[in-house]
Structures are given as structure tokens and as C-alpha cells.
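Inspection log for the structure reproduced underneath, given as C-alpha cells.
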Amino acid sequence: MSKETHPTSLGSPYNAQSTATLRSTTSQSSTNSAFTSSDRAGNTTVQPSSTDNDRSIGHGLTTILVKGNLVHSDLASGDTDDGGDNKSVSSQRVRKRDKLFGFFRPSTSTPRDNQSQSPKTSLDRFSTASTEANLHRLSIISTQYSGDIEYEVEVSSSVDIEHTVSISEVKSLASCAQPSALPAITRLDVFPQNINAPVVLIALQDFGSRIDTTPQLALCLGLLPNSVVPIDQQEDPLQILWSSTPAHLAWLGALKEDPVEQERLRWLGARMVDEFAKDASKDLTEIAEMVLIGPVLDNEHYRRLLSCTITAFDQAVLLDVDLLQGLVQLVQSAPSEALLPDDLVKILHVLRVRLQDTHQQSSVHPFHLTLAVSRLLDVMAEHKVKDLDRVEEHEPLSEVLSGLKASSDPYLMYQACYAFQALQYVPNNESPLQAVLRHSTGVVEGLVKVSAVFKLDLGAVLEGLGKLQETLGGVVEVAGSVYDGACSLMESGRGVLESMKEGLGSGQKRPWYTAVRAAYALAQAGQLKDLNVLIYEAPCRRDPLFQWGICQLLGEIASDTIWDTSVRLHAIDLLRELYMTDPLWGHDESVRTWTLNIICQLGTTTDQVVSASAHTLLKDLNQEQDTTTHLPYPLRNRLPLPATSPTLARVQNIPPLEYDLHKHKVLRLEQSRLSLYIQPFAKASLRAKDEDTFPLLEKVQEFLASESQVMLILGDSGSGKSTFNRHLEHQLWIDYKQGGPIPLFINLPAIKHPDEDMIGKQLRANNFSDDQIQEMKQRRQLILICDGYDESQQLVNLHRTNMLNQSGQWSTKMVISCRTQFLGPSYDDRFKPLPSDSYAAGLQDLFQEAVIAPFSKDQIENYVGLYVQDPQTALLFQNRAMWSAKEYMDKLTTIPNVRDLVKNPFLLTLALNALPRLVASNSNLSSMRVTRVGLYDMFVKQWLETNQVRLRMSALSKEELMAFNSLMEGDFIGCGIDYLLRLSAAIFQEQNGNPIVQYIHRHDKDSWKAAFFGTGPETKLLREASPLMRTGNQYRFVHRSMLEYLLSRIIYSLAKVDEQDFDSSSETTSPASLSSDTNGPLFQRDLLKEPSIIQFLCDRVRLDPHFEQYLRAVIDQSKTDSSATIAATNAITVLVRAGVAFHGADLRGIKVPGADLSYGQFDYAQFQGADLTGVSLSGSWLRQANLSHAQLEGVQFGELPYLKAEGPVKAFAYSPDGRMLGVAVWGEGLGISIYDTSTWERVNLITAAEYVISVAFSPDSQRIASGDWGGLVRLWDCTSGEELLTMEGHTDPIRSLAYSPCGNHIASVSDDKTVRLWDSGTGVCIFVLEGHTEWVASARFSPDGRQLISGSGDGTIRFWDSETGEPGVVLRPSLGEIHSLAISPDGRWIASGHGDGNVRLWDMVSGSPDPVLQGHTNTVMGITFSPDGQLVATSSDDCRAMLWDASTGDIISTFDGHLTYITGVAFSPDGLTIASGSGDGTVRLWEASSSPSSIAIQDQIGDSCLVTYSSNGLSVLSIDNVPGPSRYRPGVIRQGNATTGLLGSVSFEFPDPEMINCVAFSADGNQVATGCEDGSVRLWDCRTGAAGLVLNGNSGAVKIVAYSICGRWIASCDHRNVVRLWDLYDTEQQCILVGDGDNNNCINDLKFSPTGHQLAVCSEDEKGGLFDPRTRVLLTSKKLREVPILTLDYSPNGQQLALGTETSIVLWDLQSDEPGLELKVPVSSFEPMAKCATVAYSPCGQFLAQSKDYILHLWYRQLVEGDIESWSCAASLRVFSALVVSLSWNPVIPKEFITASNDRSVRVWRVSGDDGTMSVKMLWGTNLRTLCTAGVVLEGATGLSPSHQELISQRSAFDGVLPPDYEGSDDESEDDDGSDDKSEDDDGSDDESEDE
């Protein structure tokens, strides 16, 4: 203890109360060891520590207690102590350090000696908001002791001062303090140095484990990241809160990275509040618990805690002192922004009322209440609560406090006086310490921020107190009261009781109050040496009230066990010195009495050392403890730390649904964490365009916020449905709040019978009790994430069968996923919920759907970017350099078809895994062909190889090591594949394909499962190396498609046939050569129900010709082995779907019942005696097939026999009862034909005077209305044909009619732009509805009849009120003219057909458009919904009818067969049949249930506008069409195999197809020329796609372009019929050969001669001209006999031209001046186009092919009588459903040619036979969509229905046979063999009369 002499100065006291706060330890290792104690058991210990000079504000040194030694560790940001200067610190770091508020105080570690120097650090950057947010927060520093992580807990004064001192403005004043005029006194430095505030060590539990004590919970809550700033955006808190010990860093690092643990801690804190709120009796320990955690709660739960505490205190009948003190401490330690001024006013009101009611009683309760008021007013002053109501609160409280002056209790008087002083600061903007520091040097005005967060500068405090003393020494006017002549108590020397009585009610601000508060602030900060100085140097130290407050402060320090014993003894020593040696202390007797009372109470403490010191002091003072007046109130300024944690214990023991939910949440968050995840995009439905997408997660979030109940997520296999579901669950758990909706992930295949109690089963599997399940069912909402509906093999509506959202049942939102392939045409009924009552919203309001879209280019790039960062990727490269993301993208772009293959996440992952190995083994990437099955093969192999390496490096047991070595010896990869194949086979055999295997060893050790999931070492190693996932006791493959792939691989692996067993010259293999297992899945399982397996097998067929032969052999095996029937059915289905053609195949006697042969190719196939029961032959090519004696029961052709009308069909309609079909036939006197639908016989003909163009049946099917060309509406009796009414009014043709549902009204629309509504009983016109500006095409009534909808050529859809005629909503599509309309039976949708070939669906309620259905290429003339609304049928001028899935927009079927435009389409009332009527005079009847096209050959050419052969004849070159805005255009060049049609390496797209009008290949096939809209001719390299020369000069769009054989010349013709010649050797040289822009002389064709020395030109003016390209002169020209020349071709020797006209081919011998032979084209009774599209000579010159309309004629040349030519029509191919636009002969293979048609087919043909028995057979074809039965043989076939027999007959002939008087040539030399077609021989091998 040292003594110094200092002058006494004036000042004002500063009072504060202490609260328990957890804080970090800071100490000096050498000087503070005396102050440190620890408990090696990890219990709470006291450890105050000494410090040196202050460093930066809020910074300090970490004290780490290691085995009893104190070691410094820099806690700050690297600042060093430099002469006591303070370093700056950002407000953000202070905020982070101050995360813990209330009891969790920030620490400083710098010793506080030499405090006379003012800090230099400026904190003026600290905003008020940040300061408020950082009050009472904790800097936690860990101390490792005996292996435990411990945290120091500070107990410090809790002055909750709002503002932070701007130290740069508060300069050091020690050197300039003015000396006092009073005599000097000797200062005893009892406290030798400044130390840290007291701390308590808290042993922290292991991370994530159970928290046992409330201090631990408070500490953990204090470590949580700031909720305002996400943890990943904060600066690293380790620099501020932690030392650098690895254990500490690991703990906080784990917390930082674990949002689950953060949420668990918050949950515990919230439950503590809940438990405290419902506890009626709150004891001291429970209150202390809540006081401890209150400051570290979030604002919401803090306010709830504060509210329930206020309520409990207010409602208590008796004063609860503990609850009162807890309330005060909660207020003092409030979190940032959690405490509002209104809260303080409310609490003050409660305290004031209670004080007012109790102050007349004993002084004990008023004392505690007054003490509480004092502290509350301190807080209010610091929070600048300045709007305290004078009348309601301020004056009543002043009156109450003034009333206490009559009390004889000096202690109560002191607290009342203190409270009154605090009250004076509440209405003002200035806090007490601000008043002190505002008067210090350098602070002129404004707010000076003060806080316990930093250390007060003693010099600044003393100077400020001095200035304040001078200011307050005068008259201070407060609250309107003025007291003149008042002087300092120090000057008057009056007694404390008198001065108290004077102070109470005077309204003056007294200096002693602020001085006492400053003293408490210094004590709180641990600045005990500074406190020592303040006591001696305060300007007001002689004031008895200052002395009274100081004595109380010292007594509290001495009595508080949180302080170190040495500090407590120093406090007693200072009391001794003040009492015994200070001449200015205790002049007032009450102060001396107060001091003795404090010492006496200290003598009663349980601490023997402190008690002994107090007794010694009493003896020194000659006082006996028992004779001294005892202090009536405890020296306690805070509640003690809770010794137990009863509230926390109750929270931990809640059977707690929330706690179990939390544990489940932790588990699920861990299980659902994804390393590679790209946000998927989705489209609104399957019919939506892939580019019309939105983020799927946002859509689901919108669904969860809506009133909808079910959201269906669709996607192809591997599209990421399950991945998204796991991510969704993860996100929902992250966002989960207590009491909120509970996410529940349900793997549907893992639930047995999920159609019953699905939720309960899942919750029980997750270990929830039945009571908890019932609680959730009754009180909570669940978000069900149901994954794998397709895998669960369910066909029921799970929402309905589980009665979700029904009364008394589960409240849920359901997100359910399903593979698209699993769905049928009407799938949504499996998912739509039922409304809870009949008045609820429609089903569409409760149901939503989204379809995961294929990956876009950007998504692929993003995924690849994440993939290359994955550590697992590096394993693929082993010792090679790893690829960058750019290298991966380059490979994906270079390898053909990969980009199209990898548009879903799973296949993309497989491709990325496989690419390094694929590239390493292939030098030419552009020639690589990557298939889906190839990716799976590579994936499985790499997976096993990677895990083989992993197992080799693992620590295996002895048994496992032996098993591993055994596997290595036997080929580990092979063993792994065998394991996978056996497992997948067992899953299909034992579980019918259910992908989830549940294995519990005790129960299943003797079952089939043990072989795969048992405990044997080899089984374990293979299982761990396999692509399997495990969840608990359930196993599944990493993806469902893996199981399907493996089953397909089993089938493929069984196809082990030695190559020598195959005869290379034979297409089949003998059954004896098969080594297949008849117990395998091919023989035992119906694969038609497994489309994914069939798809894998199709890939195998394309890759391995031996597998194709194996499947053919299986088919052959069925001829003699009935056990192969299932296998043969599977095999032929796979081959047909793989695009394998069976042309000429020997299929006699095969047994393939139920096979899907839709769109198969069986040209000349032999099916004699075959079992084809139930086979689907929809769209099959059966030309010349022999089906004699075949079993055909139940066979499906996809259509019925058509009806043949007398003229073009303009309109037709089914009667509502389905018994009749009315057909309007165009023609004079024809009218309406009525057919009986049971026999399809015409039963009535209604003859009309005018041409009928529209019809409609009445609802009762008794009458039929007709609209005619003259504008009349007529009503007819269906039975008698009598005309009942005629309705006149329209002035133009009636395009459409509609009956109202009630039958009372008829609506008609006309070209006169009006809609009329008629009374069907009287014929009176009720309304004329006007508004359309063009012709009106269609009108339909809504199902309820209240609305009428019309569509017009003006592009609008208008709604009308059918009862009033008032116009309603107008829809304005962007698709142009509307030609047809339909309304769904449920009134939900409107469908509109447009002139551009598009169909659009509309929501009839909202009027919002749905995505466009694209497929037609011309005007959509007819549209209708199926009776159930699930299907849409359309018809078009493109000669096609189409069937669509209304929900998905997918095309189900395309109906080809009509030869010209289709006028309409209609469903039969039973929905089984679709009728389409056409201008070709037929009504065709299609089966609506026919299977859709199952052949998806992506690697074949098709839909071509030009086809040709390469020069070597091995390849086919095509230019395929692509859809454009107005029409199809040439867009893609492809190279295909001439034998199979499969694509080769050449394939590229033109950059701007819309600009291209015509194309021509060079003779070698290496270049292509395009004629463009801009008048240019552009050259392209077919091999690379590179652009070449651009030839400009044409005056407009180029319509024809031709290449010379030699490759030098190009000729072009533009739309003005100007022919230009270009010399490619000199492109500047061009000349005009023909025309000067005469549009009347249309040029039709250009051809170069074989030598290139001539150019032939033909035109509409019957002329043909020959030019010499070299001289550019006309050589000769010929004119035919008034017949336009449409096309031409040179003979191979260049000596003859074939000129094609509308009716014939004229052969022009170039050596002759006159045209030669004329080959007359066979004439059909129906000629839709009457156009000869092309003629072409074969290379041998013996054949001439001509396409005319939809028929291809083949002429054969013979020489008779020397050199006389004779040509005969060898064959007529009547098998096309559209114009043949291109034909080319193979230059190498004789008699082979290729055709391309506008029906999108490409076909290769070969002529066979000799001169007498010549036939044309098809080798292969693509896009064959029309049933062809030309020449089919049915002799002896059984089971074929009469209607199917008639259908085959119709499809076999075109208008019967050729006319008997037909002659092929008008030349007399052809009379012998050219006049007749060849007759059909016995075996049906000839095909001259073949039809489509």
C-alpha cells in the first residue's frame, strides 16, 4: 500500500450496480498469479487478473490457464501496447466482439496503471445503432485446463450506458487538472493497480453434446453469430473472441460451419423462456437462470421473457424481491434494440405504483423498490428516455420520492435521494456521465458517448467532475422549480439527513450523483486503482452523500464472492483508511455509522478470511460487533449465479416433440447435404417449351405459401427429382422455426403400402412415438416431400387414400415427384386432391405441377465448374494432369451427340466421369458416338476401380484382407460387376423391382438378402465398393436407373454367342447356338412394362450387331419352343423400337403375343403361322407381308376402315348419343350423309339445295343443323330427312354451328364477321353479336351454356353472354388467324387452332394462355377435346391428324393417311374413336387408345428436303428441314450410313435456316450450295460446316440452285426467273443466261449434263433450253405441245433429256430436233397436286424414276428390233402420304435409290428380279408413320375382325386397281409389253398395284 499526496478537488459521484457477466480473462502472467485461483475439477472458480496499460478499446490479452500457469496470447487484431496509446478498432469488430450482451461483458487485458495518459483511440466512428447493438456483449476467451475447454465469466457492474465515449475528444486531463484551494491530504493507494473485472471459469461441453448447466447455455448462446449479418459474411470472429489454441479454434469453427447446432442452441434458449413463462412459482435459482440467458437471447424471445417477468412481478400479491432484482437486471442487460423506451416507462409505472402503495409500510420493501427505481432511472437516462409524462409519471414519482424524506431510515433516504437525482436526468438528452465528460477539456458541446465497453480516462473524469461542480454550483432549474442560494453540501458541512431532505424535492442536479456513478463505472471495468484515485480526488468528496455511496460500493465489493479474496480485503482496507485516517471523511456521523454497519455485515460473511479481516477492523476501531447497529439490507447488487439449472433440466427432459424434431432435423440436414448441386429450372407442364422455364425452388416456395395442397414434380430419369427433393428438405429444415410446418421426406418405395397411414409409418421409422405422432396430427402442419412415386409401383392417389387435409386428419402440403415415363395420357387424377368440402375451390386450385427442364448450356457449364472443384474428380486422372472446366466443355462440344445426351444431372455426371477415359482411347473425337448405355458401363467400371484403390489403402482386418486378396486374384472389377448383376436380378425376382432393400441381420440372415448384405468379409467388401446408398437398414442404388441398367446388362451378358457360331451371310442364328438362360429376365419378365430397360437394350442393339442377332435367334427359338414366348415377345419389341427392320425376314411360326410392333418395318416379311395375338401393329409397314394362317386375335392396327364419300368432306359431327355420324359432303345435290356407327352403313341422305359446309346435332340427337355456302342455317329431322326450319340472316357462308347444352339455342358464325344466336324451336334470331373485324371461323358454348366463345380471322377470341348478348373478355393470341375452337368438358380450358399450324390452350377462368402445342405445319382446321378432357385431337391442312395429351402437351399419336387437307376432327361420345374428314373424300376412323410411337431413333436421317448419295455410294447425304416461323426450311446437313440410315460423323446446322430457300450438293458431296432469301448463293463445307464463298448478284430470293458435275459451275434462278451462271474458278465472272425479270415465264428446273458442258433449263412456257457454260450461249431449245415442263434430268451418257410434265415424261434425244417418246403417267381418280416433282435416270440408264403427286413410278428401258427403245412402267409405289420431293440413285450399287417425301420419310429401295418378274423392295426407312398393307396376304389367318379385314383391304389398294385401258406409252413399239401392269403372281411378290 503506497501513499501519495494529492490536492483534493471537486467532483460528482457516479453510481452503478453490479450484475453477473460472463467474459474473457485477461491477465499478466507474472503480476497476477496472486489473484488467480482455479478448480482442477472444472468447477466455477474466481480469477480476477491484473493488467498493464490500456490498449485499443475492447481489445486485450488472452489469459490461457495451462496446468496452473498463465500465458499471454494476443486477443486483438495484432495491435501492440505502445506507451499506453489505444489503437483504433472498427465498429464492426466491436459489434462482433460484443455479440453477447447483458451478463456477457467485453474484456480488456491491458493493465491500467498510468491512467493519467488519455487514450488516443477515437471511437467516434461508432454509430449509436452499433453501440446499442453491442452493449453488454461478451468477449469470450477460452482457457484450456486439464483437458477441458473453459471460459471465464466476468461479474462486473451492469451500468447499461447507451453511449460510447469518443476518446479522441476526451483528452487526458491529468496534467492540466486545476489544483484545489483546500489543503492537501495524503492518498493511500490501497488498490495497487488496475485489474480485469472478475471472471468465472465455465467448463464448456463437447461440441454438439448435451448442455447441462444454464451458464454453459448462456455462454454458447453468446457465441452465436449475429443474426443480422450472416455468419459467412462476418469477419472471422476468432480474431476477436478467441485465443489461437487449436481446441478453441476448432470449437468456434465448428459452430460457425454448423447452422444446425446454432439452431439447436437458439431452440434451447427459446424453450427456456417458454418454461419460465408457464412456471407460476419462480424461485431465486430460476430467476437467476433467466437473468443469465436473457441478454443473449434474440430480441423476440428477450421481449417475451421481459414481458412475462413484468407480468409476474405486477401480479404478485407480496413483493418478490428476487423477481424485482431479476427484472432490473434484465433491463440493465437488455440486448441491442430489444428494449424500447415504452418498456422502461411501463416498468417505471409498475414500480412507482407499487412504491406508492407500500411506502407507508416498513422501510424494507420501499428500500428495494426505491433501489430498483434508481437503477431503472439510470437506464432510462442512458437510453435518453426524454418523453416521460410529467403529469402521469414524473411528478407522481417525484412526489413519492419526496415523501420518503419523512422516513427515519437513512438507508431508505439515501436510495430515495439517489433515485430523485437520477429522475432529473430522464427528461433531458444528457446522461450523467455525459454531463461529466461534456465539461472536460476539448468537449465543447454535443453528446459525449460513454459506455462500460471501454475504460474511462481518469483524468478526463476528474476534470469533467470539476467543471460539472462549477456548473451545478449555481442555481439549476429543473421541472420548473428554482431554489436560490443552494450551495454544495461540501461547503455547508450539514448532515446527510438534512441534505437528503433538502435534496428530495429540490429539483437540483447534484454533483455527488454523477461522481458516484463514475465510481461504479470504474469498479465495473476493474479500474480499482483509478477508483482509489477518484475517491481521494473527486471535487465533491466531502459531500456526505458521495461518501455514503462510496462506502456502499466498497462494501459491495468486499461482500461479493465473485471478486478475488485479495480485492475484497483491499476494499475493507480502504474502508479502514477512510474511516481512520482521512480527515475529510466521516465528518457527518451518519457516514461513520454507515461505515461501521457495512464492516459489521462483512463480519458475518461465510468467507472466513473476509470475516476475520472485518472483525480485526472492528477491534481496531474499538467496536463490538454485537453492539453495532446492524445493516438491515443485504450488500447484494446482483443475483448470484445459479448453482443448479432446474429450468434447463425441465427443458432437456421435455418428451419433447420439438427436441426430438430437432434431433431428427440434425440427422436429416446431415443426410441431405449435397456436394454438387445446381439449382434446377422447370417449366409449367410437359407441353411447355424447354426455354420457358423458371427456378423450381421459387415455384415450390410459392406453392407452400399458397392454398394449394399438392405439387407434382415431373422429370425424366436422371433429371434431378430426388436431388431437388433432398435439397428442398435441407432448405426447409434450415428455415424451420419452432411450431412451424414440419418437413417430412418420404422415400415412397421404402414404405410398405404407402396408400395407408403413409405419414405414421414414416414417423415411426424415424423413431417418433405414437403420442408424438398424434400431437403432430392434431396440432401441426407437415410438408410432405414424397419421392419416387413411380418406383413405389403405386397407381392410386396417395393424397386421397391417406385422407390428407380432411376433417380430423393430417394437415399437409404435399410435394410429390414422379418420372415422366411412368405416366399415361391422363395422369393428374392420381395426384389431384379432393377439396375438404363441396363448396371448396376447384381441383385445379388445389393442384400444381412443374416439369424439370433439361439442363441449359449455362447450367451445364456451372455444373462442370463445380465438378472440377470436387476432390473426387482428381481421382479420375490418377497421375495425369486434371482437366479444367474449359477442357471439359470443349470435349462435350466436340464429341457428337454428347450435348444432347447429357441434359440431365445424372447423365451429365456419368459423362464427366467417363470422358477422360473415352478421350484417352480415341484420337478422333468427332467420330466418337457416345450412348446412354455406354456412359453407364463406364460409370460402373470407374466406380469399382476407384473403390478398389480405396479398399487397398484402407486398414482392413485380417479376414477382410484375405477376402480382398481373393477378390483381386479373381478380378476385382469382374467380381464387383457380378455382385451387382446378381443383386439387381434378385431385386426384380424377389421384390418385383422395388429398389429399396431392407436388411436386418437378425431377421434376414437366412434370406436371399444375406448373400448381398450379410456380414461375411467378401460380401461386405463388394457391398462397400458398389454404387449403393444406405439409410439406416435400407439399401438402394445411387439412382433408380442403375437398377434398370443392370437388369438390361444381365440380359445382354446372357447373350454370349461365339462369333464363329454366326454365319456372316445369315441374319439369324440357330436356336441351338444360344447359351441363354431361360430363367433369366428376358424369358421371365414382361419388359413392355419397363420402358427404361428397353431403352438400354435398344442402345445395346445399335452398338453390338451380335446382340441383335442373339435377339433374332430368341425370336426364332419361339417357333419350336413355347418357353421362349415371353423372351421372343420382348426381343422383337426391343428390335422394333431400336429401329431394326425385318424386311424379307423369315418369321414363320414365331410366337410373340402382346408384342409392340408399332411402326415396325416388315416389307415382304413372312409371318405364316405366327402367333400375333394381341400384337400392336399401329403404323406398321406390312407391304407384301404374308400373314397367312397367322393368329390375329386382338391385334390392333390403330384405326378402323374409313368411310368413302361422294365428294370432299367439309364437315361432320357425332350425335350426342353416339349412334350416328353426320357428314357434310361438298357437291351439288349431296348434302348430309347420316351413318349408323354400329355398322358404318349410311342410313340417310339429306339433300340440300346449297353446298353444306357445317353441321351440328341437337343434344337429344333427333335433329341436325346445317350451315351452307349461301349463308342459310337449316334444321333437319335426322330420321326422315325433313327440313324443319330455315334461318336467314347471314350474308356469307356459315363456317361453324353449335347447339347450346339445353338445346334451345343454335349459334352460327359466318364470313360476314358476325355471330348469330337463334331460337332452335322457332328459328327466330335472338342476337346478332358484332365485334369481330374478319370472318368468324368457330363458335362454342361453355358446358353450362352461359357463355358463348367465338374465334375469328382477326386473331381474337371473344366471350359473349348467351343470355343477354353482352360482350365479355377478349383474348388476343399472338399466333394470328383462328380457324378452330374447342372447350374442354369441364369448362377449364379453351383450345384454339391457328393458321400457322400452332395450337394454344387457354385457362378459361383467368384467360391466361398456356404453352403452345407445336407439331402441325399448316393451318389447324379442326380441334376437339376427348369426353374426359384428357386428350386433344387436331387436324390440319398438312394432311395430318394428331392426338395430344392435354396435360403434358406431348404428341401421343400422329394419324397419317389422308391425301389432302383435313377439314375437321371429332371424338366419339365414348372417347374410343377419333374421326377425321378430308378433302380426299374420306372420313377416317382412328383408335384413340392406340399406342403412341415408341421408336425414337435419334441417330437417323429424316424429314429431308434433299437426299443424295456420296460418290462412293456408301453414305447418304441429306438436308433436313427445321421448323421456322412461317414454314419448314432446310436447316441441317446430315451424313448417314447408306445401308442402315444411322448418322455418321458429318452433321451441322446452318446458322440461319430461315434465309434458305433451296439447296444443291456438289457431285462429290463435299460441298453444298444454298440459295437464300437475300439473293445470295452461299457455299458450305459439308465435312466441317465452314462457310465458303458468297455469290451475290441475284435480284431477289433464289428459288433454284444447281451444281455442275465437274464442280466448276453453279447456276441459280431467282424469283424474277433470271438464270445466272457462276464460274467458281473466277467468281467475278457471272452472266445472265435466261430472263430479264419476266415473272410470267416461270423457270421450273435447272440441270447440268454429266460432263458439265451443258446446262438445261425448263419453264412453264413449254420450252426447254440448252446452254454451254463455257461460251454462255444458247445451244438449242425445244417447245413441247402446250405442256409446261416441270422438271428434267440428263441420261447418264448426256445424250437424252427426260422432261417431266403434269401427265407424262417426254424423252428428248438431243441429237434430234423433235421430242421423242412420251411415257404416259398412270392416272388416278384423285389427283391432289397433279404435279411431277422429279425425274431421275439410274446410273445404268435402264431405269427412270418419276415422282408424281404421292406416287413414284419406275420405268424400265428395253431395246427391241435393233436400237429402238421401249419403256414400260415396271412398278408404281403408292406408299407415300405426301409428295415425293427428292430422289437419287446410288452411283455404285445398281438398282438402288433413295427417296424423301413431305410425309417426313426417307426410304431406300432396291429393284430386284429380271425383266419378267421385277419388284421393288424397301431396304430401310425412317419416320414411317402410316399403316401400309399393300399386297398383304391373309389367307387362312384367324381372329381378324371384319372391320380390320376391310381396313387392310382399304390400305392395300388405291382406288382398286389401275384402269384396264391404261397404256404406258403412246409409241406403237410398246404395244407388246408396255400397256399393262404386271399381274400379281401366286406368292404376292409383285407390287405394281401397290398403294399406300
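All residue numbers here begin at 1 and follow the chain in the order shown.
From the backbone N, Cα and C atoms, a Cβ is placed for every residue, glycine too.
All annotation found in TrEMBL is predicted automatically rather than curated by experts.
Marked as region 'Disordered' by TrEMBL: 1-58 (among others).
The compositional bias 'Polar residues' annotation in TrEMBL covers 7-17 (among others).
The compositional bias 'Low complexity' annotation in TrEMBL covers 18-38.
If you look up TrEMBL, you'll see 39-51 (among others) marked as compositional bias 'Polar residues'.
The region 'Disordered' annotation in TrEMBL covers 101-128 (among others).
The compositional bias 'Polar residues' annotation in TrEMBL covers 106-128 (among others).
Under the heading domain 'NACHT', TrEMBL lists 710-865.
Non-local neighbours of the repeat 'WD' (1245-1286) in the same chain are 1210-1217, 1219-1220, 1222-1234, 1292-1299, 1301-1303, 1306, 1308, 1310, 1312, 1316, 1318, 1320, 1322-1323; each lies 6+ residues outside the stretch with a CB under 8 Å from one of its CB atoms. According to TrEMBL, the feature repeat 'WD' maps to 1245-1286 (among others).
According to TrEMBL, the repeat 'WD' annotation covers 1287-1319 (among others). Here the repeat 'WD' (1287-1319) has long-range neighbours at 1253-1260, 1265-1275, 1325-1330, 1332-1341, 1343-1345, 1348, 1350, 1352, 1360, 1362, 1365, meaning same-chain residues at least 6 beyond its ends whose C-beta is under 8 angstroms from one of its own.
Mean predicted confidence for the repeat 'WD' (1329-1370): the pLDDT average there is 93. Under the heading repeat 'WD', TrEMBL lists 1329-1370 (among others).
The repeat 'WD' annotation in TrEMBL covers 1371-1412 (among others).
Taken from TrEMBL, the feature repeat 'WD' applies to 1413-1454 (among others). Taking H, G and I as helix, E and B as strand and the rest as coil, DSSP gives the repeat 'WD' (1413-1454) the counts 0 helix, 23 strand, 19 coil.
Annotated repeat 'WD' per TrEMBL: 1455-1496 (among others), in sequence order.
Feature annotation from TrEMBL assigns repeat 'WD' to 1556-1590 (among others).
Under the heading repeat 'WD', TrEMBL lists 1591-1624 (among others).
Positions annotated as repeat 'WD' by TrEMBL: 1773-1815 (among others). Residues in the repeat 'WD' (1773-1815) partition by DSSP class (helix H, G, I; strand E, B; coil) as 0 helix, 21 strand, 22 coil.
Highest Cβ pair count under 8 Å relative to the repeat 'WD' (1455-1496), across stretches 1329-1370, 1371-1412, 1556-1590, 1591-1624, 1773-1815: 1773-1815. Proximity of distant same-chain residues to the repeat 'WD' (1371-1412), defined by a Cβ-Cβ separation under 8 Å and at least 6 residues beyond the stretch ends, is recorded for 683-685, 687-689, 692, 842, 844, 1334, 1337-1344, 1349-1358, 1418-1425, 1427-1429, 1432, 1434, 1436, 1438, 1444, 1446, 1449, 1464, 1525-1526.
Per-class residue totals from DSSP over the repeat 'WD' (1371-1412), listed helix then strand then coil: 0 helix, 22 strand, 20 coil.
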